[in-house]
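Annotated in TrEMBL:
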TRANSMEM  B:12-31  transmembrane segment
TRANSMEM  B:43-61  transmembrane segment
TRANSMEM  B:68-86  transmembrane segment
TRANSMEM  B:92-114  transmembrane segment
TRANSMEM  B:121-144  transmembrane segment
TRANSMEM  B:164-187  transmembrane segment
TRANSMEM  B:217-239  transmembrane segment
TRANSMEM  B:259-287  transmembrane segment
TRANSMEM  B:299-318  transmembrane segment
């Protein structure tokens, strides 16, 4: 396994729910220390793709490779055990629980013996605060604070720090900046960069081209469940990407051409050259 | 000032203030003798009876579910004990095991329905509530021909489950209540399982994704509520040497009011065992303590209504405080 082997790769993945085809021949690869930005409008199949990557859905056809080995996930837990962590828009955090308790949920540090194992609050709080601070969020100093009192960006950061601490190798971020203000979003982007620096493979799902441009190495545009464009940093200008995503002329053209192509090619989307 | 606000942020704060409010009200307007009230057994016995059920109900409510079938499970536990030990004259330990087993079975049934279907648990347990009322009434008529069954309990069963302690009129269930409060406090606030229950109430899907066995815990919590209710019924049958079929409708609301006054959030994710303990005491003092005042006891329900609204209002305020709080000692 060379250092260049993608940590996670999809090869011609289709996903159908009964008669409805949601994903068409999706091929993607992400390497360690690389950020793949997945761009697409609502209904483009982003969330189905995320769920497939996270082990929630099994692909109908095609294969998923982790470290070059084809695998089948038994469920989200299995994907997590293989180091694939998903952080959702609201961070999967619990507003009325403390930072320390949120951080260690499901992996609680305990002290004591037998049935008298006690949740080690001091240790949990200390590690949680340390890890979040390492990610550059220095405003969090008290592990007893309730998560509901944190800003959206801080909650995201906490969830990302948690995933990194528990050994995630692939980080799937589902619209982490969608609901955030400019400053908050900057926080999260800084953390995405930090995760990348640590050698994680990051899949960053977003609407905002600016955010994607800031952290992305590699971009894929999803339209109607198929990859409509796949390019590396610097290959397209911001205007071109915005146009692709925001439904400009190019977007309309692409949609029309994909549909036309699929009608004449037995439902196969056009081949897109995968950028490497 | 900082200390006061940090106390107010705790989930138990509202229940403590409710208790204080009720006591002050009883002293000023009822002329109650606090010494006499503290020494009285009536409200402690009552608090123990509802408190033993309120603890697991609190856990269940923190996890975001509710169980109202407890109302039918108290008489179900009592009747099971009386029919087996009294009518059929089988050994008492068989009756004890059977009464608890009925609780486990009904809890399992509720839990399985709650996890396998998307029907709200209020409706599921409403079904088992009414269903169990029917089973208990028809069953006891069928087996014994009566709706009231006498029994005689052996000494060991009396001592453990249904006797008076300290030579007075305090019942032994008080000791059970205190032990169970300690056990539940440990479970909820010291062990990792408490963390899981809070998380389930906070966000079920995320909790599942974090690898928490949500379904198994939900089923166990339902077993906890039904079994504790049949346990209370059993203790009563042993104490009073008889059991009657009854609806138990009052118990449902009394227990839920105690839990809510105790600071548990109805939608789940927030609450504390200490709060529920104090909430139960507060409730019992309002209901039973009114006899020690000059106030007509028919007013008790009005006081409970006011107290419930006041406590919920306070809980709301304090929870907001808790969310925005930054502890000062660690800053700077």
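Using the three backbone atoms N, Cα and C, a Cβ is placed for every residue, glycine included.
Taking every listed stretch (B:12-31, B:164-187, B:217-239) in turn, the largest tally of C-beta pairs under 8 A with the transmembrane segment (B:43-61) is reached by B:164-187. Residues 37, 261-263, 272, 274-276, 278-279, 281-282, 285-286, 289-290, 292-295, 303, 307, 310-311, 314-315, 318 of the same chain lie 6 or more positions beyond the ends of the transmembrane segment (B:12-31) yet place their CB under 8 Å from a CB of it. Through the fold, the transmembrane segment (B:299-318) approaches residues 8-11, 13-15, 17-18, 21-22, 25, 257, 260-261, 263, 265, 279, 282-283, 286-287, 290 of its own chain, all at least 6 residues removed from its boundaries and within a Cβ separation under 8 Å. With pairs at least 6 apart in sequence, the transmembrane segment (B:259-287) and the transmembrane segment (B:92-114) have fewer than 3 Cβ pairs within the 8 Å limit; the two do not touch. Counted over residue pairs separated by six or more positions, the transmembrane segment (B:217-239) shares at least 3 Cβ pairs under 8 angstroms with the transmembrane segment (B:164-187), which defines the two as touching.
Scored on C-beta pairs under 8 angstroms, the neighbour of the transmembrane segment (B:164-187) with the top count among B:68-86, B:121-144, B:259-287 is B:259-287.
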